[in-house]
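**Q** Can you read through this structure? Questions will come right after.
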Amino acid sequence: MGLAFGKLFSRFFGKKDMRILMVGLDAAGKTTILYKLKLGEIVTTIPTIGFNVETVEFKNINFTVWDVGGQDKIRPLWRHYFQNTQGLIFVVDSNDRERIQEACDELTKMLNEDELRDAVLLVFCNKQDLPNAMSVAEVTDKLNLHSLRSRKWYIQSTCATSGDGLYEGLDWLSNTLTSSSK
């Protein structure tokens, strides 16, 4: 009886584990976001060759966040991280107008992958503190997000260095993932 009660208690009140894959073009701010969420501070980063993985606790959820390098030569490796991914965070440098189409192409490729068909999508529209940054509406349009009919998605304005918008994005992820797992 005690064991059954314990399982029931942890099911409703215990921590849930969620696997999150964070990708985007190189220099979009993925690693800065990961460590801002994990440590609450800005860390000096270098281009990620391979991946960083950290557990971020938020609202009774342990998010295991895989931050995978975004350079074009290593993007084919992204697929090795798709399995069991429940949430996808796609980070966009909203100040990089030259590569927004490239970002759209990479996102579209990923969303067509069968292994990610059930993953929810959170887009971090990063570097919103820069004066020439594209607005959330413009990035939404350029990524064709409104065409996503069969996927839950959300776009959040962020600034990785100040932390603005990061927890609002995690809030959406936690609410969406916990409501869909019931």
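Just so you know, the numbers here start at 1 and follow the chain as drawn.
Just so you know, glycine gets a Cβ as well, placed from its N, Cα and C.
Pulled these features from Swiss-Prot for this protein:
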| type | residues | note |
| --- | --- | --- |
| LIPID | Gly2 | N-myristoyl glycine |
| BINDING | 24-31, 67-71, 126-129 | GTP binding site |
**Q** Just checking, which of Ala27, Val68 (binding-site residues) has the fewest C-beta atoms within 10 Å of its C-beta?
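**A** Candidates: the binding-site residues Ala27, Val68. Fewest Cβ atoms within 10 Å: Ala27.
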**Q** Check each residue in the chain of Lys30 (GTP binding site) that is at least six apart in sequence and keep those whose C-beta is under 8 Å from its C-beta; list them in sequence order.
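**A** Long-range Cβ contacts: Met22, Val23, Gly24, Thr48, Asp67, Val68, Gly70, Val91.
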**Q** Tell me, if you would, which residue among Gln71, Gln128 (binding-site residues) has the fewest other CB atoms within 10 Å in the structure shown?
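**A** Among the binding-site residues Gln71, Gln128, the lowest count of other Cβ atoms within 10 Å belongs to Gln71.
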